[in-house]
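> Can you read through this structure? Questions will come right after.
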Amino acid sequence: MPKEEFIYLDARPARGDSEGFRYLSEIGLERDRTEEKGEAGNPETGGAESIYEEGVALYRQGRLRLALKAFDRVLEENPRDFPALYHKGNSLLKLKRYEEALEIFERAAEIKPENAGLWTNMGFALKKLERFRDALEAFEKSISLNPVQKNAWEGKDSVLSLISLCEEKLSEYEKILERNPGDPDALFKTGKLWLRFGEQEKAMQAFKNALEVKPENAEAWKLRGKILFKAGSEKEALHAFENATRLKPDHPEAWYERGKVFLKLGNLRAAENAFKIAADLWESKGLKTRAESARENIRRMSPGKA
């Protein structure tokens with residue numbers, strides 16, 4: 001039975017934040033790796049195995065960007081390599097590339113949904129993305145698979161506290177809207193809170209109402225666009241992101257989301273341009289990890305670029 005290992009994620013919690021649960025779980029990876037090697041039984045996999053071990057070594061040294069490259073090489077050969085996916089997700093999480101980490105964890109969950117540590121780490125990513133209700137479900141899933149996890153229990157407690165605070169704020173804004181149904185700021189903030197609860201339709205309606213009163217709210221357009229894109233309404237989402245970037249040309253998140261829509265629609269040139277603008281804006285703001293996310297999309301589209 002491999003030893004349980006937890007990697008510290010945040011050395012300095014935000015002021016007023018006493019959470020001590022911020023760890024990445026790596027439970028059972030050695031066992032999973034051994035099982036996969038046994039199932040494969042193919043001597044030709046030795047190259048991938050060597051690259052994987054190199055990636056793990058780099059990961060443990062904190063050389064996360066190089067580790068990512070190693071795990072990507074393993075995944076090129078076998079996209080369903082669970083330990084490589086798991087380590088890649090953890091690397092992205094430690095680099096604060098939360099959306100990418102979540103995407104990788106979701107892929108890993110399709111392969112081994114019974115891995116408790118995976119759901120714990122997914123909960124961390126969802127919490128960082130302020131998707132508190134989804135984070136709670138992930139922590140509860142992890143605990144149901146393995147109740148003896150201090151970090152998962154503490155993660156759940158933390159998210160419950162955040163949900164409680166959001167419920168209080170939502171009640172406050174609803175009282176404001178009872179007095180003034182057209183208050184654009186209250187409508188906008190209500191929409192953001194509904195997003196944290198995972199209530200996409202209610203959030204969409206709140207943003208729609210806010211924009212009817214205050215159409216120059218670029219952030220509301222961006223958030224509305226994200227909901228539309230997630231719902232599969234790419235053209236409406238693109239319109240929302242175009243409004244956001246028109247109103248606020250230095251909004252890197254809106255440019256990045258705009259690039260994702262162009263990519264989904266097959267307009268690679270427009271996607272590359274949007275990702276480049278997002279990367280440059282993030283770089284200028286000192287947000288290097290976010291810039292890396294945008295440039296990674298460009299590299300996937302055009303190997304050798306960025």
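Any Cβ shown, glycine's included, is placed from N, Cα and C.
Because TrEMBL annotations are produced automatically, they should be read as predictions rather than curated entries.
Feature list, courtesy of TrEMBL:
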- 48-81: repeat 'TPR' (REPEAT)
- 82-115: repeat 'TPR' (REPEAT)
- 116-149: repeat 'TPR' (REPEAT)
- 184-217: repeat 'TPR' (REPEAT)
- 218-251: repeat 'TPR' (REPEAT)
- 252-285: repeat 'TPR' (REPEAT)
> Are there residues at least six beyond either end of the repeat 'TPR' (184-217) with Cβ under 8 Å to its Cβ atoms? List them, or say none.
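Distal contacts: 130-134, 162-163, 166, 169-170, 173-174, 176-177, 223-224, 227-228, 230-231, 247.
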> Grab the pLDDT values for the repeat 'TPR' (252-285) and give me their mean, rounded.
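Taking every residue in the repeat 'TPR' (252-285) and averaging pLDDT yields 93.
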